[in-house]
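Heads up, the thing below is written out as structure tokens.
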Amino acid sequence: MRSRIRTPSPDSAVVDKPPCSPLRSGRPPFPCPLPISVEPVLFLSMFSLALQMPLTTQYLWDRISEDVGYNGTKSGGCRNTSGPPDPLEKEVETLTAHWSLYINLGGFAVGLFVVTLLGPWSDGGGRRALLTVPSLGLALQAGTYLAVMYLRLPVPWLLAGRLLSGLSGDFNAILAGCFAHVGDSSARHQRTFRVAVLEACLGVAGMLASVIGGTAVLRLYGGGGRAGAGPLLWLYALCFLLVVTVHFGSRDLYVLYELSAPLCWGPELVGFGSAALHLAYLSSLLGLRVLQLCLDESWVALLGLASNGAALLVISNASSTALMFTGYGLNFLSMASTPVLRSKLSKLVDSSQQGALFASVACVESLCSLLATGVFNSLYPATLHIFKGFPFLFGAILLLIPACITRGSTETRVQLPLRCHPPPHPRLHHRDHQM
């Protein structure tokens, strides 16, 4: 009796195949359009560390100064360097440097050993534990530091808190977990960009924490500027955030918009378009100088916002080369609003606070780059099949907010060019004075 080999028919293969279900794939039916996963974890961890490190050193200095009886920097400021060295100051510097070395080296050595164990284990056990355990360790470290400061515990307890963080893997474990998660979840063509976003989170968090840790910016925006300037500082900072975010976000999409249908530009037209875009810097400078002769700065900023918004509206509907270059032409005054906003912010604070002000402005500008990349580059593919130019339309709508805020502080300057009002002749003025 011969055995027959039965081959499954196409119909039976289809029937036996289990249906694909979103529940079995582990992915939500409506995923978030923004590619955000571990970025907030890395941002908050870096923010916490960057906020603690300089404050810990300052606390060590103050605590050791109190223990040895040194009060030079608090009572009379820094001493004159031409005088003889203060032995107490040298002792404070030496002890502070030694304790900083012990604390940092102890946490680093223990954390380096632990992360080499947790990292390979996470390849099979999952990345969640690799992110959770060191986060708890950093929280224990911060709690220990607070207990030392408020309960006046001995300084070696700071080393104990640092060792607790090291035993959990320390910040290096969070770095390893975040970058490993991005390597697991991102496609190969997206991985470089996702890693760059994580690097940007490190930089932005470090800058924000460093500025806030000095407390100068908090005093500035909390009413430490000129009388009644606190609310205006916040409003103009919001205007600057929105304007620069729109600038960065739309600029990243211009080339992609030009290369695809219906424009289908080649390298030559893309180069001309980029040149026309950068020409706005020069035309805005000239326009700003001319408009300042007869208008208040707030009106100049409004005209700049109107120029930018009109350009974005035209570009959002551009279906031909002529219309695209028309949008670039309308953009001629778009860069006039940002220098006006910087100038208005500068005029709201005293000369002794300019450094703190523009440090915060630099942090806002870095945050703008991160927001623009995340929002506009995610919005473009999400709305590509609905309305291709929607990100530009969205940018134009966003510009209405700074326009409304700026409109509230406008006032027309009744001032004509200087040549229209020549100064009186010195001799005539002298005669009038004698008469």
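Just so you know, glycine gets a Cβ as well, placed from its N, Cα and C.
TrEMBL entries are annotated by machine, without manual review.
Because the structure is a prediction, the values reported are computed rather than measured.
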Quiz item: Which range, 1-22, 331-352, does TrEMBL list as region 'Disordered'?
Solution: 1-22
Exercise. Could you check if the transmembrane segment (355-380) is in contact with the transmembrane segment (386-405), meaning 3+ Cβ pairs under 8 Å among residue pairs at least 6 apart in sequence?
Key: yes
Self-check item: the transmembrane segment (269-291) touching the transmembrane segment (386-405) per 3+ Cβ pairs under 8 Å rule
Solution: no
Self-check item: Folded-back contacts onto the transmembrane segment (233-257), same chain, C-beta under 8 angstroms, at least six residues removed
Solution: 220-221, 225, 263, 270, 273-274, 277, 305, 308, 312, 315, 318, 334-335, 337-338, 341-342, 344-345, 348-349, 360-361, 364-365, 367-369, 371-373, 375-377, 380, 388-389, 391-392, 395, 398-399, 401-402, 405-406
